[in-house]
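Heads up, the thing below is written out as structure tokens.
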Amino acid sequence: MSGAGAPVSPQLNAKGLELVIIAASWHEKVMNGLLDGALRAARDAGIEEPRIVRVPGSFELPVAAARLAPDYDAVVALGVVIRGGTPHFEYVCQAATSGLTEVSVRTGVPVGFGLLTCDNDQQALDRAGLPAAPGFAGSKEDKGYEATSAALETALTLR
């Protein structure tokens, strides 16, 4: 699992920061886990009701982030792309990653990178922050929580 070496995040006090979470719709079960983790991280940092915006897929995350970033202190982009048998995976991953990076650098607003780019469904489930259930041991990582914490910590640093 790639989470080895991750820093221990400090307890954040982001009360008063404006946060928007942009979530793609593909891979509903994984997306629900990512969104739950993002909302938990926001609450843990003192943000009770961040704005949530849904977009069709991960390819649409950058345009939504570009439009919304100027009005917020931090943006979190959540999506899932799972490799298939065509080059589509590489195109979407590259476009979304480059687009989100450009938004953050151009606007100066931190964009939490919660885009899972996985080779298979199991990798996505392992990173989705899902609780244990019958037949499922639970996720090993919570990338929605991590992306939100990173965006908020960076926003506080830049204040």
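Each Cβ is built from the backbone N, Cα and C atoms, and glycine gets one as well.
In sequence order, PRO56, GLY57, SER58, GLY79, VAL80, VAL81 are the residues near TRP26 (5-amino-6-(D-ribitylamino)uracil binding site), counting only same-chain partners six or more apart with C-beta under 8 A. Swiss-Prot lists TRP26, SER58, PHE59, GLU60, VAL80, VAL81, ILE82, PHE113 with the feature 5-amino-6-(D-ribitylamino)uracil binding site.
In the three-state DSSP scheme, ARG127 ((2S)-2-hydroxy-3-oxobutyl phosphate binding site) falls into the helix class. Around the Cβ of ARG127 ((2S)-2-hydroxy-3-oxobutyl phosphate binding site), 26 further Cβ atoms fall within 10 Å across all displayed protein chains. Swiss-Prot lists GLY85, THR86, ARG127 with the feature (2S)-2-hydroxy-3-oxobutyl phosphate binding site.
The annotation active site, proton donor is assigned in Swiss-Prot to HIS88 on the grounds of sequence analysis. With a 10 A radius on its CB, HIS88 (active site, proton donor) counts 12 other CB atoms from all the protein chains.
For HIS88 (active site, proton donor), the nearest neighbour among the binding-site residues PHE59, GLU60, PHE113, ARG127, judged by Cα separation, is PHE59. The number of other CB atoms found within 10 A of the CB of ILE82 (5-amino-6-(D-ribitylamino)uracil binding site), across every protein chain shown, is 17. If you draw a 10 Å sphere around the CB of VAL80 (5-amino-6-(D-ribitylamino)uracil binding site), it holds 29 other CB atoms from the protein chains shown. Counting in whole angstrom, PHE113 (5-amino-6-(D-ribitylamino)uracil binding site) lies 13 from ARG127 ((2S)-2-hydroxy-3-oxobutyl phosphate binding site) by their C-alpha atoms.
Counting Cβ atoms from all protein chains shown, SER58 (5-amino-6-(D-ribitylamino)uracil binding site) has 27 others lying within 10 Å of its own Cβ. Between the alpha carbons (Cα) of PHE59 (5-amino-6-(D-ribitylamino)uracil binding site) and THR86 ((2S)-2-hydroxy-3-oxobutyl phosphate binding site) lies a span of roughly 16 Å.
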